[in-house]
Each structure stands twice: as structure tokens, then as C-alpha cells.
Amino acid sequence: MLLNEIIDLIPNINKCLKKGKTLIIRIDINSPIVNGKIIDDFRIRAHSYTLRLASDAGARAVVLAHQGRPGQDDFTSLEIHKPYIEKYLERPIKFVDDIIGPEARRQIKELKDGEILLLENVRILSEEVIEKVPEAQAETLLVRKLAPLADYYVFDGFAVAHRSQPSVVGFPIVLPSCAGPVFERELRALGAVFEKRGRGVTLIAGGAKMPDTLKAVEQLLKNGFVEKVAVGGLVGFVFALGKYGVLNSALKQEVEKGGFLPYIERARQLLAKYGAQIYTPVDFAVNQNGRLDVDIYSLAQPPLDIGRSTTIAFKEVIEQSEIVIFSGPMGYIEDERFATGTIELLKAASNRRLILGGGHTIMAAEKAGVLDKAYHVSTGGRAFIQTIGGEEMPAVKALLTSAKKFSL
């Protein structure tokens, strides 16, 4: 079943937007944070639209979200997200430093029509970072404490749709549930691509999400959803080693450092089967008193970007395409000298129907000045990769279960 057909089976948010009703809305505003400050508020902007819909309808919105994971530097309170949400909503919201305790429950009960209450980082709850089947997650404290206070559940966090966690899959088991506009838009945009059945569709795959990206490449080619694939970043390193077998180069050292040597054989198998459709790097840029392009056989330093010859070859692939799915950068985009490959490819792709996925890709698109030219900008990182790879999303499965169980 195609994504457009699936989303049609799930009630959209309009079914849940009722004056005086309490909605639990799961969004994903997980954002890059440096020195305690949010440096990219793209997801917050996207989800502010959803919260505005709820507020304008006179619903009472209880917002669940997370930031980082326990033990990570970016695991912070959602209080720092509050002013960003208010900025894009152009209205005040409430925040409570609690999730399922007496204070949170009291404030939920006292919400007035049109008000929005942001709860604390849901991953403070240890049960939220444990993945289980939806029926088990429906028995967690989070769901048992909050569900009785709500009339509906709205899932809008596409970027966390691949997680089988309580805030994602638990509530649909016990509450009538709807798909939020961000989530619906994501599935419809990707569904439109898959309806093309690969004709004129190219995937530019970079970054370092190795297992997921490799699986996505395999599934997209196997199912005929893309015609061509061009690989860069760490993914490109693995494919280059699989194709050229340059096992004594700095390339191997970088792959080994990431623990990805076992994936070289899988890349080799994909190249043997789909070699004419997969384009791999032939040169790389290194830092040698500035940017220097080096061919794959002469590489003796850590590669930081695709080289000039590779960039030209990939641009030719893009120019022959109708749709370009861009997931992951080609190099170390934090350094302008090594963002060149990614930015040039993004500029070329902006003349096609461009779909962007992943935080680093979006940041690069902003640098390249092409973000506004994209046909669709996904809020998802790993969820985006897994969706285009054809994996079943736990959130989708839970929402379909809810749609069968409850009549809206």
C-alpha cells in the first residue's frame, strides 16, 4: 500500500479539533543545541502551525515533546523551546516542569479553551526511552496518567515516527487519534515520489547514518522507486571501498573509525547487482594548507568532501533527473571549504523537484540559499531515511490500529 493510501485511512487533525476538547499532541521539536542555545529552530517553526490550528479551534492542547537523550549534551529542559514556540505562534503558551505528576495533571485540568500547555521533556521518564509494542506502551505510567485527562491524541512528530515509545504508540491504543498536518504532509510528499515508480527519480545519499541509508538504497533500487543513486559522505566512503577496493588508504581508516568496515561487503553486493545505477566518488577533498582534491588511489589524508570530478559527475546525474531526494551531506559542511560539494549539488538539485531530509541537509540548503526552492523539506532524519527505505513506521501502525478501534 502506498503512503498516500495509508494516510487516507488515518483521520486528519480536523476530526480532533473541537472547541473545549483536550488534545494530547506529540510533536518533535528536538533541535541542535550549542552551549545551551538552540541554533536551528526549523522543527519548532513547522510544528507551530499545528499548535496554532488547535488554539484557533478553541481546543485545549497538551504538548508532548523531547530534546536529546539522557546522558547527551543536548538533553535539556523544554523550557528553552517555549520562547521559540511563542515567537512563531505570536501568542503566549504555558510550560510546566512536570509530565505526569500532580502539578502537570492539575494544569491540564485547568486549561481553558485555546490554551496550550507544554510539558517537560518526555524523555525524563525512563519508560519513554524503552521501545515496546503499542499494547505494552499503553500500560505505561505516561499513558495511564495522561490519557484519562484527554479526549483525543494527535500525532504530528514524523521525526520520531520510527520509535515505538509510549508517547508515540501508547496513546493511540486508548484514545481516538488523528494525524497532525506535519506528519500528513510528510507522508503525502513522499507518497507522491513513490507514485512515480522511479522514473526520473534520483537519491543523493550522504551523511553517516550507515545501516539505515544502506538499507534505504537497497530497498529503493529493489522496489524500483529510484532510477539512480549517488553516494557521498561516510556512505560514499563505504561504496567507494566496495567498488575500488582501496584498502590501504585513509578512506579505510575513516570507515574503520566509525565501525562500518562490515558494510563494505554489503555495498559490494549492491554494486554487483545495481552497479549501473549507483554513482560513487572518484576523488575527495583533503585539508592540505587549504582544500586540495585528490583521486581515490592517492588519498593519504582524511577525506572531508567529495572532489571536483565527483561533483561534476553527480551534477550531471542531477541534471538528468526530474525528482531529487537529498538525504545527508557529501562532506564536512561545518567548514565552508568542505561544504562545496554539498552546496553545488543542492544548487543543481534546486532546479528539479527537490525533497530534503535530515538536519545537516537542511542546514546546508540554508547555506546554499535553496531551502525555499525545495518541493518538500522533511522534519525527519532517521525517520525520513527509514520511510523512503520502505520500513513500516511504528507510529503509522499505531494510528491505523486506533482508526479501526475508534470512530471519528
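For all residues, glycine too, the Cβ spot is worked out from N, Cα and C.
Keep in mind that this is a model prediction, so the values were computed, not measured.
Copied over from Swiss-Prot, here are the features:
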| type | residues | note |
| --- | --- | --- |
| BINDING | ASP28, ILE29, ASN30, ARG43, HIS66, GLN67, GLY68, ARG69, ARG123, ARG163 | substrate binding site |
| BINDING | GLU334, GLY358, GLY359, HIS360, THR361 | ATP binding site |
Identify, among the binding-site residues ASP28, GLU334, the residue whose Cβ has the fewest other Cβ atoms within 10 Å in this structure.
GLU334
Please work out which residue of HIS66, ARG123, HIS360 has the most C-beta neighbours within 10 angstroms of its C-beta, and give that one of the binding-site residues.
HIS66
Using DSSP reduced to three states, classify GLY359 (ATP binding site) as helix, strand or coil.
helix
Roughly how many angstrom lie between the C-alpha atoms of GLY68 (substrate binding site) and THR361 (ATP binding site)?
19
Using C-alpha positions only, work out which of the binding-site residues GLU334, GLY359, HIS360, THR361 is nearest to ARG123 (substrate binding site).
GLY359
Taking only the Cα atoms, work out how far ASP28 (substrate binding site) lies from GLU334 (ATP binding site), in Å, as a whole number.
24
Considering the binding-site residues ASN30, THR361, which residue's Cβ sits among the greatest number of other Cβ atoms within 10 Å?
THR361
Over the residue list ASP28, ILE29, ASN30, ARG43, HIS66, GLN67, GLY68, ARG69, ARG123, ARG163, recorded for substrate, what is the maximum interresidue Cα distance in Å?
18
